[in-house]
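TrEMBL annotations:
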DOMAIN    4-62  domain 'Tudor'
REGION    52-102  region 'Disordered'
COMPBIAS  65-75  compositional bias 'Low complexity'
COMPBIAS  83-93  compositional bias 'Low complexity'
REGION    126-146  region 'Disordered'
COMPBIAS  134-146  compositional bias 'Basic and acidic residues'
TRANSMEM  213-233  transmembrane segment
TRANSMEM  253-276  transmembrane segment
TRANSMEM  297-316  transmembrane segment
TRANSMEM  328-347  transmembrane segment
TRANSMEM  415-433  transmembrane segment
TRANSMEM  453-471  transmembrane segment
TRANSMEM  483-502  transmembrane segment
TRANSMEM  568-586  transmembrane segment
Amino acid sequence: MPSRKFADGEVVRGRWPGSSLYYEVEILSHDSGSQLYTVKYKDGTELELKESDIKPLASFRQRKSGSTSSSPSRRSPARRSPGRSPGRPPKSSHQPASAAHRADITEIRKEVLEVKLTPLVLKPFGNSISRYNGEPEHTERNDIPHKTPQEKFHLSQDSSYVSTQYSLRPRGEENKLKEIEFQEEEVITKGPASLRTFEVPAAQTKDLEFGGVPGVFLIMLGLPTFLFLLLLTCKQKEPSLLNFPPPLPALSGLWETRVFGAYLLWFFVQALFYLLPIGRVVEGTPLADGRRLKYRLNGFYAFLLTSAAVGAALWWGVDLHYVYRHFLQFALAALVFSVALSVYLYVRARRAPLSQLSPSSSGNVIYDFFIGRELNPRIGTFDLKYFCELRPGLIGWVVVNLAMLLAEMKFQNRATPSLAMILVNSFQFLYVVDALWNEEAVLTTMDITHDGFGFMLAFGDLVWVPFVYSLQAFYLVRHPHEVSWPVACFIIALKLCGYVVFRCANAQKNAFRKNPTDPRLAHLKTIHTSTGKNLLVSGWWGLVRHPNYLGDLIMALAWSLPCGFNHILPYFYVIYFAVLLVHREARDERQCRKKYGVAWDRYCQRVPYRILPYVY
């Protein structure tokens, strides 16, 4: 068996398929059967190359030192005579080149500087790269429509300088080759950096989600209204769908400045915890311009600090039952804050560079206000979307549940909380702790990588999560339900079953995304795609296409069962969550089919079941 020339982790120069350009790459692995190297370019692209298409860095350095030409980026324009054409060789003792000779050089320059730049335009959008392994080429559609070739990208001044001011000096065939190789080296060095200004249309001509502009307008009006009707119904002593909607309180009774101040204090304390320099710093997925944002993983530490602060407050006699008595006022305060935050996000996004806009933005004011115009809005290093995704709402959910537990004990004159309340609190506590412990996994979700930060996520993270996900605990305060131990054991077993499916599926997915060549994953079967990535078709992901969603649904049912069957209200979360996951699964299907094309069709044939086994 032939021995390999390059080792894993070695940094070399790899030829871009179909061109004569060499880029700096890192060797990831080597297939002894096909004799192909899997390499990773600086922009995150992973391809398989032949050994003949890979050269050590030293060979390029030697050529560079042997060339007598200076780098265009370092050469002053004054060194060229004002009256001399950029392509004409300077006057010297050398004989002038023949017309045919100059024509050859011109053709080579055109090939290097014009034609071979095309592949670089495609990758930053993340879904249009060909694999160089002899397979049929498959081109994917981007989320952003293509414009005319002249509008795809703009060359920076550096690139224009290379193409207009770099002159070759013919010194025989050997010197000619050195000059050409040196020129390629300069284009390679400067090329990717100079192609980072992309023309992204402000108004995308594509199908809008959620029913388009009318749909998102109704959602923004309907969801807050439905939330308050749901909470008012749940607070009634004898809730009934026949009496829906419940009597509405005066608007003045829903607003308290003190409550709004308490909510602001909560939000900014969580922001302070987010800024603490503790926890690992990791990089997110590559953006459209090739950058990777950095994120500090300290959500679990923020949860520990919050728990200590709440414990100290209870020790000092702070009445946490206040949260239950003013639950509607807290919900209104969170709603007002989320709307104000959404307005700020949209206004600042109007000044954001086009390359930083969300792929889901449309150019329509109403739709972009809802879906989010800017993908990663940041104030310095403070990432607003990433912070709201897990901190104020998710940690607040646990605090709200604790307040409901104390309120149940007070209203029902209990010395200890009911078994039903303990089950609900324990199950949802485990869910939140798991999310914060595995905080890095959120960086690959659609919320972070695709959706902008607008009303949809602001309202969902800050209002919907803490005030709807805590509905079971809120219901049990005024509607007690006794759970026997055999029933409790069954519910616990159901919860653990859902959690195992949820956690194992997510762990397998995240491990495969981090390192597909991990020996512990060698038993998994995959389908290769034209993007250079693989799709799992065995393990948990060979049972159904979204096993993590299946685990989520099982856990949601376990959260509601302790409330009994006297009313459908505690099961609203299960119904809503099933609709949410079906809709999200449909969004995932569209995105994956657009990204992976034929490979996704093959995947769907191998794994026909979507969320539930034996259900198409």
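In case you wondered, yes, glycine gets a Cβ from its N, Cα and C as well.
Just so you know, TrEMBL annotations are computer predictions that nobody has curated.
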When counting C-beta pairs under 8 angstroms to the transmembrane segment (297-316), the leading stretch of 253-276, 328-347, 453-471, 483-502, 568-586 is 253-276
Is the number of Cβ-Cβ pairs under 8 Å between the transmembrane segment (483-502) and the transmembrane segment (415-433) three or more, considering only pairs separated by 6 or more positions? yes
Tertiary contacts of the transmembrane segment (328-347), defined by C-beta under 8 angstroms and 6+ residue spacing from its ends, are 224, 227-228, 231-232, 235, 249, 254-256, 259-260, 262-264, 267, 365, 368-369, 372-374, 377, 384, 453-455, 458-459, 462-463, 466-467
Within the same chain, the residues 6 or more beyond the ends of the transmembrane segment (453-471) and with Cβ under 8 Å of it are 216, 219-220, 223-224, 227, 230-231, 234, 267, 327, 330-331, 334-335, 337-339, 341-342, 345-346, 358, 368-377, 384-385, 388-389, 392-394, 396-397, 400-401, 404, 428, 447, 569-570, 572-573, 576
Whole-number mean pLDDT, the domain 'Tudor' (4-62), equals 82
Secondary structure split (DSSP) over the domain 'Tudor' (4-62) reads 9 helix, 28 strand, 22 coil
